[in-house]
């Protein structure tokens, strides 16, 4: 007598699209909207449109690679397959880990500024890094505890976040004044492309779709389509929110409250209560994003240590995660969140994201025969990302040279570490 096997329920197109939207619409828009609006002014909506195109082309390569290699190894695995167990692979993987840490610092700082907006325990910004440090430590503990409640609660919190933002968008569009937007003037092409580099970070959550490749029905078809649909829907959302911000709030106010622009947008529409609701929504959204980012960092750090791209002392022991790895991630995140302003952290995170995703494009070009990828789409994505990266780098150098130097140090430091441990990297033969 045969035993019936319970069918495995795999994710369809709708589920994959929903996953991507919930991952993208979140902390990025709360952190970046104000800075994008102040920099690009009337061109801010266009910057989000172009950012969506860049994300879609970059996501195409990510999707083809994930569909072909649905191992769960993620970007580290793509680098290893394309470049071998080399110093380049170790450097790119380490740079992506640093990018995740920088992004977490940005999100934690965003949590801090919104918390300070509604709970100003003292004048000035002294409590912002304290709030940021507290949420990082708390959520790292949650990750180590492995609470199932967090996963279930996340579904509810995503629903609340999307509902609040949808109400703000729909009502805000009815109140936005076109004349106010037209009076702001347009930015230069270099500034526009530089702002695109910043907005790209708001789309970076699309990787959640590709990370679920092994749980999706017909991934070779579903993942590229889901990614295109999710990015398109999110782009409409972002463009609408940028339009509402510019059309309802004076640019001087947006500049003054650039870090908490979403809450500032809620004030003329819903009054003080709206500010509190948006700030709480931002805190919830950033908390869930930090939790996911910390989990990704622990997973990637452990994987890199196992294959020799981080010191052997960072490998797991009897505990699920190495204490030195946990401590290093927490300390690095808190230091960045405490000593850099939100705009500076966002610039660094966006720039390094672009660099690591340019490398994914190159990896896909090298593996295109295995993935059956379109050479023209790969080249188009690579060229567009290089143009945006160059303009963004120029914008950073001209406006905040200290951030440019910080990025250069991250690049050089990552290469030095990868080079110093190259004997272990070369000796490693297993997949990450």
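Note: Cβ is positioned from N, Cα and C throughout, glycine not excepted.
Feature list (source: TrEMBL):
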type	residues	note
TRANSMEM	12-38	transmembrane segment
TRANSMEM	44-63	transmembrane segment
TRANSMEM	83-108	transmembrane segment
TRANSMEM	128-146	transmembrane segment
TRANSMEM	153-174	transmembrane segment
TRANSMEM	186-204	transmembrane segment
TRANSMEM	225-249	transmembrane segment
TRANSMEM	269-294	transmembrane segment
TRANSMEM	321-339	transmembrane segment
TRANSMEM	345-363	transmembrane segment
TRANSMEM	375-397	transmembrane segment
TRANSMEM	403-421	transmembrane segment
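Put simply, of 83-108, 153-174, 186-204, 403-421, the stretch with the most CB pairs closer than 8 A to the transmembrane segment (375-397) is 186-204.
Where the transmembrane segment (128-146) meets the stretches 12-38, 44-63, 153-174, 269-294, 345-363, the count of C-beta pairs under 8 angstroms peaks at 269-294. Residues 31-32, 35, 58, 61-62, 65, 75, 78-79, 81-83, 92, 95-96, 98-99, 102-103, 105-106, 109, 197-198, 200-201, 204, 336-337, 378, 381-382, 385-386, 388-389, 392-393, 396, 400, 403, 406-407, 410-411 of the same chain lie 6 or more positions beyond the ends of the transmembrane segment (345-363) yet place their CB under 8 Å from a CB of it. Only sequence-distant pairs (6 or more apart) were considered; of these, fewer than three Cβ pairs between the transmembrane segment (269-294) and the transmembrane segment (44-63) are under 8 A, so the stretches are not in contact. Long-range contacts of the transmembrane segment (44-63) within the same chain, counting only residues at least 6 positions beyond its ends with a Cβ under 8 Å from a Cβ of the stretch, are 36-37, 75, 192-193, 195-196, 198-200, 202-204, 206-207, 209-210, 223-224, 227-228, 231-232, 234-235, 238-239, 242-243, 245-246, 357, 360-361, 363-364, 373-374, 377-378, 380-381, 384-385, 388. When each of 12-38, 83-108, 153-174, 186-204 is scored by its Cβ pairs under 8 Å to the transmembrane segment (403-421), the top-ranked stretch turns out to be 83-108. Among the listed stretches 83-108, 153-174, 186-204, 225-249, the one sharing the most Cβ pairs under 8 Å with the transmembrane segment (12-38) is 225-249. Taking Cβ pairs closer than 8 Å, the transmembrane segment (186-204) reaches residues 24, 28-29, 32, 35-36, 39-44, 46-48, 50-52, 54-55, 103, 106, 231, 234-235, 238, 346-347, 349-351, 353-354, 387-389, 391-392, 394-396 in its own chain, all 6 or more past its ends. Residues 21-22, 25-26, 29, 237, 240-241, 243-244, 247-248, 262, 265-266, 269, 274, 277-278, 281, 284-285, 288, 291 of the same chain lie 6 or more positions beyond the ends of the transmembrane segment (153-174) yet place their CB under 8 Å from a CB of it. The list of residues near the transmembrane segment (83-108) in space but at least 6 beyond its ends in sequence, with Cβ under 8 angstroms from a Cβ of it, reads 27, 31, 75-76, 132-133, 135-136, 201, 204, 286, 289-290, 293-294, 296-297, 300-301, 304, 307-310, 329, 332-334, 336-337, 340, 342, 345-346, 348-349, 352-353, 355-356, 359, 363, 366, 410-411, 414-415, 417-419, 421-422, 425-426, 428-429, 432.
Among residues of the same chain six or more beyond the transmembrane segment (225-249), those with a C-beta under 8 A of the stretch's C-beta atoms are 13, 16-17, 19-21, 24-25, 29, 33-34, 36-37, 41-42, 44-45, 47-49, 51-52, 55-56, 59-60, 62-63, 165, 168-169, 172-173, 175-178, 180-181, 184, 199, 202-203, 206, 209-210, 216, 261-262, 264-265, 267-269.
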